[in-house]
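Student: Heads up, here are the entries from Swiss-Prot:
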| type | residues | note |
| --- | --- | --- |
| REGION | 279-313 | region 'Disordered' |
| COMPBIAS | 290-303 | compositional bias 'Basic and acidic residues' |
| REPEAT | 403-436 | repeat 'PC 1' |
| REPEAT | 441-474 | repeat 'PC 2' |
| REPEAT | 476-510 | repeat 'PC 3' |
| REPEAT | 511-545 | repeat 'PC 4' |
| REPEAT | 547-580 | repeat 'PC 5' |
| REPEAT | 581-616 | repeat 'PC 6' |
| REPEAT | 617-649 | repeat 'PC 7' |
| REPEAT | 651-685 | repeat 'PC 8' |
| REPEAT | 686-726 | repeat 'PC 9' |
| REPEAT | 729-761 | repeat 'PC 10' |
| REGION | 839-879 | region 'Disordered' |
| COMPBIAS | 842-854 | compositional bias 'Basic and acidic residues' |
| COMPBIAS | 861-874 | compositional bias 'Basic and acidic residues' |
| REGION | 932-955 | region 'Disordered' |
| COMPBIAS | 938-955 | compositional bias 'Acidic residues' |
Amino acid sequence: MITSAAGIISLLDEEEPQLKEFALHKLNAVVNDFWAEISESVDKIEVLYEDEGFRSRQFAALVASKVFYHLGAFEESLNYALGAGDLFNVNDNSEYVETIIAKCIDHYTKQCVENAELPEGEKKPVDERLEGIVNKMFQRCLDDHKYKQAIGIALETRRLDIFEKTILESNDVPGMLAYSLKLCMSLMQNKQFRNKVLRVLVKIYMNLEKPDFINVCQCLIFLDDPQAVSDILEKLVKEDNLLMAYQICFDLYESASQQFLSSVIQNLRTVGTPIASVPGSTNTGTVPGSEKDSDAMEAEEKPGSTCVGKSAEINPEPKDQISKMIKILSGEMAIELHLQFLIRNNNTDLMILKNTKDAVRNSVCHTATVIANSFMHCGTTSDQFLRDNLEWLARATNWAKFTATASLGVIHKGHEKEALQLMATYLPKDTSPGSAYQEGGGLYALGLIHANHGGDIIDYLLNQLKNASNDIVRHGGSLGLGLAAMGTARQDVYDLLKTNLYQDDAVTGEAAGLALGLVMLGSKNAQAIEDMVGYAQETQHEKILRGLAVGIALVMYGRMEEADALIESLCRDKDPILRRSGMYTVAMAYCGSGNNKAIRRLLHVAVSDVNDDVRRAAVESLGFILFRTPEQCPSVVSLLSESYNPHVRYGAAMALGICCAGTGNKEAINLLEPMTNDPVNYVRQGALIASALIMIQQTEITCPKVSQFRQLYSKVINDKHDDVMAKFGAILAQGILDAGGHNVIISLQSRTGHTHMPSVVGVLVFTQFWFWFPLSHFLSLAFTPTCVIGLNKDLKMPKVQYKSNCKPSTFAYPPPLEVPKEKEKEKVSTAVLSITAKAKKKEKEKEKEKKEEEKMEVDETEKKDEKEKKKEPEPNFQLLDNPARVMPAQLKVLTMTESCRYQPFKPLSIGGIIILKDTSEDMEELVEPVAAHGPKIEEEEQEPEPPEPFEYIDD
């Protein structure tokens, strides 16, 4: 056994090259044991490597590399490993090889990324030896079938050639494509490179044996290429693949921005006419009934039309197909279907609201109850609670009246057809001036009903805002117009809002500043930024500054690194409100990206800024950046949640609520629990609201603490001595927890993984309730119905059942509160003598014995029945009728029933609106549409007027 390497090292001083070679071979064998000794003579080995004439110089490099590796000098070790050429065996599993390969990939990645950011002429050549090792590594991954690893390294090193090769060579191409698309959506920090990767994915998807158009369109949304999407839709119509086209249109509406959709619609309109010449689609017959009848939600549908015969089925004319596609893309169909779902499945527990109403004693809690009611009934069109409590509602005055009127917009969200008729009593009239607060609230409500789907209502709101003579009406009009024209970047709307901003009126300016951001959402419009930042630096009104702070951030929505210059200048501003705007801009520009640089900036500001509002905003903004990986958020904010500064603690609570919304994340709830007992009341408010955001639609099985928190909200509301701030939080939390009749969830991303723009905007503006209660209503933008809606070829809902393969109680609605039984007043007992009392007692006992004997037999049989009932096991599955309420976690266990005639066009596990292919020739049974609540009730009450003609007969 060798105890020293001195003898071998001495051979390196020999003249004979063969002896030196022999020494190197021996040293290579013992280097792991004697590296410390060899390191003293490593210079001799280096000299051998540098000697061009030495035959085994590569071997010298290998030994030197191993010595430096043991010394911890990884860079030198890597250099010599590269010098060793093929002697450095990438397939070896030793720790040395693994470490050097890791360093090699890091080094190569760094060089590639630096090169990618340089212009064409300035790119530095990458070391070929480095590339050689990386290529060997890729080959090793492919040989070992470690495709995900290869894709990861290929994306890290910007090697698109390898990326494409890996996907195509893998044994599961669709799986690898899905994995790559997910990486693209969630982890790619650089927009330019992401777009290149998406182009490669589009190419692969299109070249599949059966092109995957649904995923191609998802990529094209990211690439912001509406023309390519239009081409695909046109191609599908030509090929008579209509159902696929409809499915893509629904997916587009859910994931793409308004501008993107309007471009696709524009392209389809120009396409509309020439398609008629396509063979196979020139049939003269049309679908039974005109396009109007094909509206899935037409309330006037004739009772006889619930069965559609297959024989009547003839290809619809292309124009009709295009108009249907435009109707889907415009969002009209999805909004109507969701409205139907929410009305049909409304499961609100009015007892909760009644108890809260009876407990509140001041105007702040009154407003909170009105807001909570609108959340609970969001989109259900049910204003039952308000109708039952008109006298109580009338207590709202001034801005509370504004908020209460606007809450109708949340209740009737998506109820667009009758919106103007519905809100008529609250809207400005030419004849008599009404209450300004009511009219302003009415205009704001119209915006909430049409949020992100303005259409014709934009022009109505535009005119109302032009003619408004009062700052309160202008405030409501600006908010309504901003909501309806969200993301449209319409110049006429922008100019009018700018005019309102420049009037330097605090009330109007606050709403106009925010609305400017809503209209220019994500446009990165340089002129808009210049106008808004310029005015923010001039104005003396804090309210206007607050509105602009959020507005500026919205203009940079989703712009990632393109917003860095603006963020930099805002963060350096001496005005704390503009620094806060900088935090929101980071949140909006990098939302959902998980960008480390953005997180570092926010964390730095959260602990270093001198202003509490800025620090709070910085921590809140973390939630927006991390929402794709909610499990990371608790660890990031756990220390901040224990900060000495209550504003930072509040921010940490809200960040958890935003990031983990709807997930029921246990770690987040564990962090919030102690905060609900915080000594500072507004921290408790934040913790209560955040807990509801996280636990929305969770059941006791999916999230055991939900009932505990329900009791906590109730306790805080009913405690006469508790603080108003905490009560406000608890009331809002109740509303959020049961939102949309227990049928909606808050999610910042769409089902397909895109950042859901209205949700992000809604949650950001909702957080501003800290300054201005009426902005609470914006949360309704983030409510997404948890539904699966199947549609047939005519875009109607067929009667079909889905099978949920888990126990019904897992995702059941919470049980309603029991109505407390009224206690009977106890009568004062009259005095009874002891002798009579004893006699009565004996009599009673005798009667009791008789009765018991009679009852004995009956009781026993009854008890047996009860036991049998209790023992009856809960079934392991449940059948749900279309349209079905299906929770996100439940989607995994959802399937079509075995004997079902319909086949879904995309997996049910994605949820949402799914086109179903009918495999049967029989008649179809359709789901009858339900009528919306609201104005219909008033009409029915007014109907008895026409008996005037009968009066003449009486005469």
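Just so it is clear, glycine is given a Cβ too, placed from its N, Cα and C backbone atoms.
Map the listed features onto the structure and describe their local environment.
Tutor: Mean pLDDT across the repeat 'PC 1' (403-436) comes to 82 in this model.
Tertiary neighbourhood of the repeat 'PC 3' (476-510): same-chain residues 257-259, 262, 402, 406, 439-448, 450-455, 457-458, 461-462, 464-466, 468, 516-523, 525, 528, 531, 535, 539, 541-544, 546-548, 757-758, 761, 772, 774, 781, selected by CB-CB distance under 8 Å and a gap of 6+ residues from either end.
Here the repeat 'PC 4' (511-545) has Cβ contacts under 8 Å with residues 257, 259, 474-479, 481-483, 485-490, 493-494, 497-498, 500-502, 504, 551-559, 562-563, 566, 569-570, 573, 575, 577-578, 581, 757, 761, 765 of the same chain, all six or more residues outside its ends.
Same-chain neighbours of the repeat 'PC 5' (547-580): 189-191, 501, 509-518, 520-525, 528-529, 532-533, 535-537, 539, 586-591, 593, 595, 601, 605, 609-611, 613-614, 617, 755, 757, 760-761, 764-765, 768, counting only residues six or more beyond its ends whose CB sits under 8 Å from a CB of the stretch.
Under DSSP, the residues of the repeat 'PC 7' (617-649) split into helix, strand and coil as follows: 25 helix, 0 strand, 8 coil.
Beyond the ends of the repeat 'PC 8' (651-685), by six or more residues, the same chain brings 606, 615-624, 626-627, 630-631, 633-635, 637-638, 640-641, 643, 691-698, 702-703, 705-706, 712, 716, 723, 725-726, 728-729, 745-748, 763, 767, 782, 888 to within a C-beta distance below 8 angstroms of the stretch.
Note on the repeat 'PC 10' (729-761): residues 181-182, 185-186, 218, 221-222, 251, 254-257, 341-342, 345-349, 352, 356, 360, 365, 368-369, 371-380, 382, 451-452, 486-487, 518, 521-522, 554, 557-558, 588, 591-592, 624, 627-628, 658, 661-662, 684-689, 691-693, 695-697, 706, 709-710, 712-714, 716-717, 769, 776, 778-779, 781-787, 813-814, 885, 887-888, 910-912 of its chain, located 6 or more positions outside it, place their CB under 8 angstroms from a CB of the stretch.
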Student: Which residues of the same chain, at least 6 past either end of the repeat 'PC 2' (441-474), have a Cβ under 8 Å from a Cβ in it?
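Tutor: For the repeat 'PC 2' (441-474), the list is 258, 330-332, 335, 401-410, 412-416, 419-420, 423, 426-428, 480-488, 490, 492-493, 496-497, 500, 505, 507-508, 511-512, 757-758, 762, 774, 777, 780-781.
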Student: By DSSP, what is the split of the repeat 'PC 8' (651-685) into helix, strand and coil residues?
Tutor: 24 helix, 0 strand, 11 coil
